[in-house]
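**Q** Pasting in a structure now, in structure tokens, and then I'll have a few things to ask.
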Amino acid sequence: MDYQQLITFIMEMVGTIAFAASGAMVAVDRAMDIFGVIVLGVTTAVGGGAVRDVILGIVPPAMFQHPVYTVVATVTSCVVFMILYLKKELLQGHNRETYDKVMLVMDSIGLGIFTVVGVNTGIAHGYMDYTFLLVFLGTVTGVGGGLLRDVMAGVPPYILVRHIYACASIVGAIVCVVLYRNFGAVAAMVGASAVVILIRYLAAHYRWNLPKLTREE
């Protein structure tokens with residue numbers, strides 16, 4: 001495993017843990033049992049990558065070829081469940097604000113990392129010159145798992161109603177492609193993921209939202 005592959009693997013592990021934690025937290029908040037928590041955690045962590053692999057014709061998807069990601073997501077989901085099961089007060093009262101902040105951090109880290117992983121996967125399969133495809137792959141990998149999570153949890157998809165989410169992934173994917181072509185893989189992955197996380201933080205802090213119509217009662 002060379003230096004670039006090591007950096008990629010480490011980022012994938014961090015992203016897997018972050019997204020699995022966010023999925024598990026949503027499941028716990030929806031009063032699901034431990035099986036539901038694991039399913040949502042794993043789906044959030046590997047769902048976007050599975051969709052990306054199908055688009056690229058990678059069969060079976062990486063989650064089945066390299067089950068370490070699914071195992072890590074499962075373990076993470078179980079840990080989150082146990083923590084919140086033993087510390088139920090973390091979901092109540094003034095602790096709710098802390099819970100929401102942790103959820104934001106986990107979701108933002110996962111979004112940033114998996115956006116650049118999606119772009120990197122497309123480049124690794126020979127699509128360096130296909131900018132639109134790379135951006136699409138990055139966005140699908142970044143938001144796909146969270147979209148599946150929200151649909152399975154029965155809540156409005158986060159990417160459609162809250163702050164700047166999919167747009168942050170799109171911007172990050174574009175930045176990743178530009179940096180990759182000029183400075184190489186490592187700089188692109190680190191720099192672009194940081195851009196996505198920063199946009200998500202600023203959007204949440206300043207309550208940035210895309211324009212939308214509200215129904216008057």
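Note that Cβ sites are derived from N, Cα and C of the backbone, with glycine treated the same way.
Any TrEMBL annotation is an automated prediction that lacks curation.
TrEMBL feature annotations, pasted as is:
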DOMAIN    10-83  domain 'Glycine transporter'
DOMAIN    105-180  domain 'Glycine transporter'
TRANSMEM  6-27  transmembrane segment
TRANSMEM  34-55  transmembrane segment
TRANSMEM  67-86  transmembrane segment
TRANSMEM  102-124  transmembrane segment
TRANSMEM  130-148  transmembrane segment
TRANSMEM  160-180  transmembrane segment
TRANSMEM  186-203  transmembrane segment
**Q** To what whole number does the mean pLDDT across the domain 'Glycine transporter' (10-83) round?
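**A** Mean per-residue confidence for the domain 'Glycine transporter' (10-83): 94 out of 100.
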**Q** I need to check the long-range neighbours of the transmembrane segment (34-55): which residues 6 or more away from its ends have a CB within less than 8 Å of a CB in the stretch?
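**A** Residues 15-17, 19-24, 26-28, 61-63, 69-70, 72-74, 76-78, 80-81, 110, 114, 117-118, 121, 136-137, 140-149, 152-153.
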**Q** What are the DSSP helix, strand and coil residue counts for the domain 'Glycine transporter' (10-83)?
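**A** Residue counts in helix, strand and coil order: 63 helix, 0 strand, 11 coil.
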